[in-house]
Each structure stands twice: as C-alpha cells, then as structure tokens.
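Student: These came from TrEMBL, pasted as-is:
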type: DOMAIN; residues: 45-437; note: domain 'Amino acid transporter transmembrane'
type: TRANSMEM; residues: 81-103; note: transmembrane segment
type: TRANSMEM; residues: 140-162; note: transmembrane segment
type: TRANSMEM; residues: 174-192; note: transmembrane segment
type: TRANSMEM; residues: 199-222; note: transmembrane segment
type: TRANSMEM; residues: 234-257; note: transmembrane segment
type: TRANSMEM; residues: 269-292; note: transmembrane segment
type: TRANSMEM; residues: 314-338; note: transmembrane segment
type: TRANSMEM; residues: 358-377; note: transmembrane segment
type: TRANSMEM; residues: 383-405; note: transmembrane segment
type: TRANSMEM; residues: 426-447; note: transmembrane segment
Amino acid sequence: MAAEANGNLANEKAPETVGVGRYVEMEQDGDSSTVKSRLSGLLWHGGSAYDAWFSCASNQVAQVLLTLPYSFSQLGMLSGILFQLFYGLMGSWTAYLISILYVEYRTRKEREKADFRNHVIQWFEVLDGLLGRHWRNVGLAFNCTFLLFGSVIQLIACASNIYYINDKLDKRTWTYIFGACCATTVFIPSFHNYRIWSFLGLVMTTYTAWYLAIASIIHGQVDGVKHSGPTKMVLYFTGATNILYTFGGHAVTVEIMHAMWRPQKFKAIYLLATLYVLTLTLPSAAAAYWAFGDELLTHSNALSLLPRTAFRDAAVVLMLVHQFITFGFACTPLYFVWEKLIGLHDCRSLCKRAAARLPVVVPIWFLAIVFPFFGPINSAVGSLLVSFTVYIIPALAHMITFRSATARENAVEPPPRLVGRWTGTYMINAFVVAWVLVVGFGFGGWASMTNFVHQIDTFGLFTKCYQCPPPPLPPATPLPFPGGLSNITMPFAGGLPPAAAPSPAHFLHHHRHHSHGL
C-alpha cells in the first residue's frame, strides 16, 4: 500500500508532457518524512505555480517601485497611468510567448530523449533549438547584457536607499559594502531554491508601496506644488521607457519555468502577477506625484522626499533586503551561463560552483560604481536592452518558429481563440515589434541616452554621492581682532601704515571676485 501511495504521489507531481527539471544536488535522499526534509521542502524547494507567481511578482516590481513617481513627474499623471496599463499588458503577452516557446523546445528535445535533470534550460538555448545559432547569439548577447545591468541597478538602489538611514557614509562607499553582501547569492543553486525569498520579497515591496501611497497622502501637497509634466519630449520618453523596464522583468521567465513541476501552468501566471503589481505601482506613484509634483524631477528616489520616520526606515530596510533578493534573480541566469562556459554547470559540489561564480560579481560591482545614476539608468537599460530582450525578440521568434503550416499544426500549445488563433497572434506580435522598435527603442533610446549623458556631464563618472544634498555650511565665526580688519598690520618687510591696510569692503570685493571665478 505504501509503495502504491508513493507511486500515486509521484504520478500526481509528474507533468503531463514536460518532465521535472531539477539539479541532482537538490534531490533529497533517504526518508522524506523527516523534520529536516519537511522544513527544507517548506522553505527551500519550490516548484509549484504559487512559487512561480511569487517569483514573477517579486522580481517584476523590485526597486523600480521607487522610481515610478519620478517617471510620473516626467510623463504627467494621465500618461503615467496609461503607460503602466499598456506596458503591463504587453509584458504579459510577451511572457506568454516565451512560455510557449519554452514548452515547444523542451517537448521536442524530450522526444529526442534529452535529459534535463541536471541542466537548467535558458532562453538562448530555446532560441538555438528552435531557430539556430544566429538567434542564439543575439539572444545571449541581449539577455546577458540586460541581466548584467539589472544587477548593477540593484546595487545602485541599495546604496541610494541606505543613505537615507545613514548618511555618515557616501553612496559610493555603501555600494562597496552591498556589493560584498550581494556576492553571497552565489550560494543559491537555482530558482528552485527561492521559495521563501520570493514570498518575503513580495511582502516587503507590498509594504513599501502602500507606505509610499499612505505617507504621501498624509504628508499632503507641498507648498506651491506644480504638476507641469509633460514639458519636454526627452523627459516624456525617458519616463515611458522606465515603465517599459518596469514590466520587462521576464528575462528570467525560462529559468523560473524550468524550476516548476508543471511548466505548462505558467501561461497565465505572469498576467496574474502583473495585475497584482499594478495594485502596488499605480497608487504609490500617483499619490507621490500628487503630493510632490515637479520636485520629483530632481529626486529619482521617492523616499528622499518623505520625512524620516520609523515607518520610512522600515520601508528602506525592507527594500534593501528585497534588492538583495532581486540581485540574485538577475544574477542567477548569468551564473548559469558562466558555469556552462567553464564546464561546471553539472558539478554536484555547491561550494565549487559558488567559488566559480564569484568572477561574475566583479564587473557588476565595478559598473555600479562607474554609473551610480539611480533612475536614469533604468530608462537607458529599458530602451536599449529590455526593448529587444523581452519584447522584440520573443515576438519575432514566435512568428518565425510557427511561420509554416506544418509547425502550426504540430504546435504543442496553439494560441487560444480569445486572441484570434494564429492570425490574431501574428497581428499582435507585429504590433509589439513595431511599437517597441519605434517608441521604445527609437524615441526612448534617444531620450534616455540624452538624459543619461546629461547626468554624466552634471555629476561625472564615479561620482561619490549622486543627488545627495549639499553639506551644510559651517557657521560664520567673528574675526578675532578688536576693531575689525582696519587694525591689522600686514607682515611685510617694514609693514604697511595703518592707512594702507585693506578695508573690509575691499576684502569682501576681492573674495567675491575670486569665488565667481571658481
């Protein structure tokens, strides 16, 4: 009976057409009923649809939550809301396409008796199997570069946030510290092991989002608040591409799917995650923009405008922990690529793989110090990398993969009737490619790079403390000479007669002249 029960349990967990993809090192030997194995299963081994939902939602909102009010100040309230809804829907569509292509690729490979129990499938491998090596190379280049800068952004966000609790250290120093902390993500084997972290990450961003909304409403509008946006095309399209980046967090979709017991269930998960994320981003961004208006144009981190309280400090700390989690989300696919490159991906020793992963963190650390522009870097990454990685390439790949009648007839997951089957899918894909290419990459790339270059010209590379308030001026001290400067005898040879001593007015005029020269 026990054997039969175990067999039934295994059959329930087995996917219908796609096998379970796990690392061998994650498999548990021995009795599965021990307290240790149960605790490990509760906190560590996550492969359900709920785990995937938490991973998608947690990874999607991340630190960009704090820059959306900044985007609203560039776009205006109406455009900010509409772009969030539009790009949220578009991002869900392309995540759906990626999931379809993954299932198609994996089914074909498993028909050829391929074994993925000790191998994590990645997006570039899907492109390679379905469309060839040229598509693989393009996908690998865009995906790795995007994930690299996505990790950079998390480090910048960590330094930007902690500064509002402890400003005794500058942001660059905090970047050094958090770079070392985030390097510990090398010990997390795969997305299969993010169960508790994904859950906690979403709880943390939920708190921060509602704190921003409620604190902004309680604070009220600042004196003379202005809501001028949009005022310039550069700012408008910069804000739009930041929102494009917000809902383009599905560069890790394939890795999240591969960690699921039943990857076919992923199709609606990203849409449901997006709907939840909208309940966080829309109220927080709208409330902060309503309260502070144009002040947000020079404060890309919305927390910087709210008064310091225990609630704000809690939001900062929670976002710091969440950014550590999101750093791991963005960096783990890079770890996989590096492992495959050096031939250690199938190694069962976690310590060896962790040591081999460390070189991946070094360039991320360096770039975070070079470009510490919290906010503008999101828009640049969104327009130049996200536009291709998670919008244009998946749409084109789906169109080409199923361009023939034979491929459409043998498709594992045909499009639903709701979108018009193959014809409707083709039209939607064509629209996505055209829109993102022109608006996201074209206008967005021009605007975001113009703004990015402006930040470099204004603050410089390796800037010590980006957008930090200037240090307070020391209090003026009275001159220690009774009677002022007129009683000073200049210490030149023979001295000067009192009548030739410089007057206070002459001294002030001379000081002002040289100050303007600086």
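Please read every residue number as a count from 1 along the shown chain.
Glycine residues also receive a Cβ, built from the backbone N, Cα and C atoms like all the rest.
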Student: Which stretch, 81-103, 140-162, 269-292, 426-447, tops the Cβ pairs under 8 Å count with the transmembrane segment (234-257)?
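Tutor: When the Cβ pairs under 8 Å are tallied, 81-103 comes out ahead.
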Student: Top stretch among 81-103, 140-162, 314-338 for CB pairs under 8 A with the transmembrane segment (199-222)?
Tutor: 314-338
Student: Take the transmembrane segment (358-377) and find every residue of the same chain, 6 or more past its ends, with a Cβ under 8 Å from one of its Cβ atoms.
Tutor: 67, 70, 148-149, 151-153, 155-157, 159-160, 171-172, 175-176, 179, 182-183, 186, 238, 242, 300-301, 331, 334-335, 338, 448, 451-452, 455-456, 459, 461-463, 466-467
Student: What same-chain residues lie close to the transmembrane segment (383-405): Cβ under 8 Å, and 6 or more beyond its ends?
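Tutor: Counting only partners 6 or more residues beyond its ends, the transmembrane segment (383-405) has Cβ contacts under 8 Å with 90-91, 94-95, 97-98, 100-101, 104, 127, 130-131, 135, 138-139, 142-143, 145-146, 149, 241, 244-245, 248-251, 411, 422, 425-426, 429-430, 432-433, 436-437, 440-441, 444-445, 447-449.
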Student: Can you say which of 81-103, 140-162, 269-292 has the most Cβ pairs under 8 Å with the transmembrane segment (426-447)?
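Tutor: Looking only at 81-103, 140-162, 269-292, the most contacts with the transmembrane segment (426-447) come from 81-103.
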